[in-house]
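What TrEMBL annotates here:
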| type | residues | note |
| --- | --- | --- |
| REPEAT | 10-48 | repeat 'HEAT' |
| REPEAT | 164-202 | repeat 'HEAT' |
| REPEAT | 203-241 | repeat 'HEAT' |
| REPEAT | 242-280 | repeat 'HEAT' |
| REPEAT | 281-319 | repeat 'HEAT' |
| REPEAT | 320-358 | repeat 'HEAT' |
| REPEAT | 359-397 | repeat 'HEAT' |
| REPEAT | 398-436 | repeat 'HEAT' |
| REPEAT | 437-475 | repeat 'HEAT' |
| REPEAT | 476-514 | repeat 'HEAT' |
| REPEAT | 515-553 | repeat 'HEAT' |
| REPEAT | 554-587 | repeat 'HEAT' |
């Protein structure tokens, strides 16, 4: 290609590729827009590339989405902030397409460009764009307009501001629910830019309209607006305007709206302050905890601890606890599960006596729940209760249930118990642990499920770290070594895994005297899987034991394995021998 034609080349190729039938080619050329813009230079980008993109009526959403994204970061390629307005026309077109994700991306890019534009340019170019979209014939344009007001408003002169507020108010009463939805979800952002004088008058009247909308999807978004507006208003205005709305919403006929209130209630409490929370929001919350829709109860149950923290213990015991008792035997397992995941956090809030009297029975009933997730959620948070009621009570009341769960038929529950054992051990102390839980830890090494056996081996290592090598020498090593002759090769394999994990904790002396002989004996095992695992374990022991032991004991065993008929055994044995040689070289 001749050098003379070079500047024309990129735009010509782009035009060709954007008209190509192959969507991948069209996508690639859009993704290369910034490169093409650099090749063209700022002026030609403004005069040729951007107008071409404005006219480009590609029908594929993926291409349009890529274009909306690229244009958002295009300011440097059109000559900086003073020329940013040339990017608005193509994005305005994209704001009106049918596909939601393209519109959302176009609005996001417009906000990004608008936030960098100079004030005078915003008034000359951006505000008219918002007004055009808001008056658009198609609802898509009006939906997009709602997301741009907060950028346009702050730099507009007084007259224009009044006009923008009234346009927004009209959008909130639009015939199309989609437009009202968009207005409701963007109200918080817009309100944050409006002067406080107009907050109470204009914005609150808009908000009132939305809260009484006949579409639950609009009311639902208005709930989200409650928390955002509450943070902007003075506390007394918040109580006057927002509180009644929340209370009404908590009794809304649509469960989706009530669900939203249950999810947002904690934030709303922060907005209205402690006193109104006690008088108005506690009854509303109690209603949600007793809602007839399981989804609403799930959302409310998940917030129970957070909510109790705002209240005094007396109020929590008086109002919230009765509901918690009901929820612990709720007909929906998901409600019980949501409750189980947070209920432990109530113990520090209620204090020792109330926990013993009211919460312990609930914990026990949830620990015996037929649904594994409920039991799991309780197990994983036991330490929060221990801090409050002390170990003696915890062990008397909850330990039998834990022992029962250790033999649960769902392996995930057994797994959760195993993972919890080291923490439990550190809390219960050595004496208690030996009596009650020691036997269980050994039993898990012979579980039917591999994940349990593996976790059990890890658990032994963590216990040895917690209680020290002397304790492990008495309580773990003898039992582990007894199992090395198990008839089942999978259990023998678990023992090898346990040995490789315990060796670094136990140190060189015990490893050489107790553990290594067992591993060496296993080189004579008849199962190849055992033998290549032996090779791996021997390799892991090399750094732990003394060099002479490596040469006298480990190397001969590996040399023997390196001549095994099985290819995998030979491979791992040679790998381990290589490792010895590397240690020798570096030593």
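Cβ coordinates come from backbone N, Cα and C, glycine included.
In the predicted model, the repeat 'HEAT' (554-587) shows an average pLDDT of 80. Outside the repeat 'HEAT' (515-553), and at least 6 residues removed from its termini, the chain residues within Cβ reach (under 8 Å) are 477, 481, 484, 489, 492-493, 495-497, 499-500, 502-504, 506-508, 560-561, 564, 566, 568-569, 571-573, 575-576, 579-580, 583, 587. Counting residues 6+ beyond its ends, the repeat 'HEAT' (554-587) has Cβ neighbours under 8 Å at 516, 519-520, 523, 528, 531-532, 534-536, 538-539, 541-543, 545, 547 in the same chain. Helix, strand and coil counts under DSSP for the repeat 'HEAT' (320-358) come to 32 helix, 0 strand, 7 coil.
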